[in-house]
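*Asks:* There's a structure below that I have some questions on.
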């Protein structure tokens, strides 16, 4: 700060001044404390006045200070001083841990003036020599309470402190009256100065949560060194002193653990009995229920919106489909009408062509040529389109017989040439298909050696082992190797390739194969029949009363035979007559032959499957 210039003088700056800097200052200290007190009290007073007022209040407190005489002071055992109530010895049982050092010293001064051995001896009282006098208890009391560390140790085990925890039944009846006093009593052990209050029923959620958070994380300064059973100062050696320290640490830790469990039990009991917690939980539950309900309603509305949108899309798609179907229907009707018109026109032109040709006697002089030309005219009617027919009829209507014949012959030649080209193309396609079949047949037995018997055996095996059979194509290949007369060994790959080629065959070739198979079947049965008829019939194959039916068994007949076999078991008298009666159109001989064929077929199928299974195990 610059000094104020005197009269007739000027203030001059000889150097550049530093720039001002703004500094954040935290308001602390005794002057700020005095300012806050003045502001709160709406008074204007200096700090010294406040100090003087505080000192005067302390002096007034000292003037009002009174001691309470300890009735059993004279009967105390100095050797048992550790179990005595030091506050009661000094006459401060009403103040206890709240007593100041000044009050403790004053109490000690007064008690010493009254009970000092010299005073009592002068009054004629008999004094016990040494440390056996009760005055030793007063000395031990001031020794403990004047030392902050020893006093804290004694306060931790204050014999007048109530460690009891209220039960749940007591807390539920009158929660705030019961637990408010308990928490205020236990708040003296807190390491932190500001301990939150229990509050009332009107306390907010934040206040209640802060209260229980504090007590669930309670930091207690209470320690139990005063209750040590052994004093390390009495140890005779270092090892004994270490052992005593170890024992004391263990006992202190155990008592500290029990104290924290007591505090935790107190907080848990209060939390379970607190009506505010129940109210907050109900409010939270109601809030969650409302949020859940709102969420469900929102989800329901969203689903309804999606459903409406989907229904709208379906309706639009339905209308579009109906419109498309209507347009397609109209187009089909229109096409049908046009086709009918064209069909009628073609029919008319064909009839006109036939009539004209018939008028000219089909441009022939004899009956044979006339019939041949008639066939050619019919071929023209089948092959020519409407425009060609119209052009040809115009030429026939306007020209002479020779011109008409020439026009018809020209059209016949063109149609025959077109038919010839189509036949050649078909033959080439068949040859290409056969070449592809041979090329894709694979090596070994897949591309060669497939005669009619092997093809028939393959078709039979495919029907015998349908789709779903385990290792189907290996079983079919094994079946063919067992029953083929050519001696060619087929693999599963060969069988698969040939089956695919058979599926690609045109209908004419399939019909040809089936026809050959039926002819072979008929030939075998025709050759076997006489030998059976001439042979002496056994009891099992007695052919009396029926000549036999060589026609293949239909599916219905097969089902009737299987049902009859189940209905009439082996022990049934005249079994085969009853079975034959159950299958219309079949005799006893036919049924017995078919049964034998089925048995052999099942045996062959089982043998093929067992062989494939044995190979797979190897």
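Yeah, the Cβs are placed from backbone N, Cα and C, and that goes for glycine too.
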*Asks:* Looking at the candidate ranges 407-427, 428-448, 449-469, report the one that TrEMBL labels region 'Disordered'.
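*Replies:* Region 'Disordered', as annotated by TrEMBL, spans 428-448.
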*Asks:* Looking at 25-44, 45-64, 65-84, I want to know which stretch TrEMBL calls region 'Disordered'.
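*Replies:* Checked against TrEMBL: region 'Disordered' maps to 45-64.
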*Asks:* How does the model score the domain 'HTH myb-type' (552-603) in terms of mean pLDDT?
*Replies:* 86
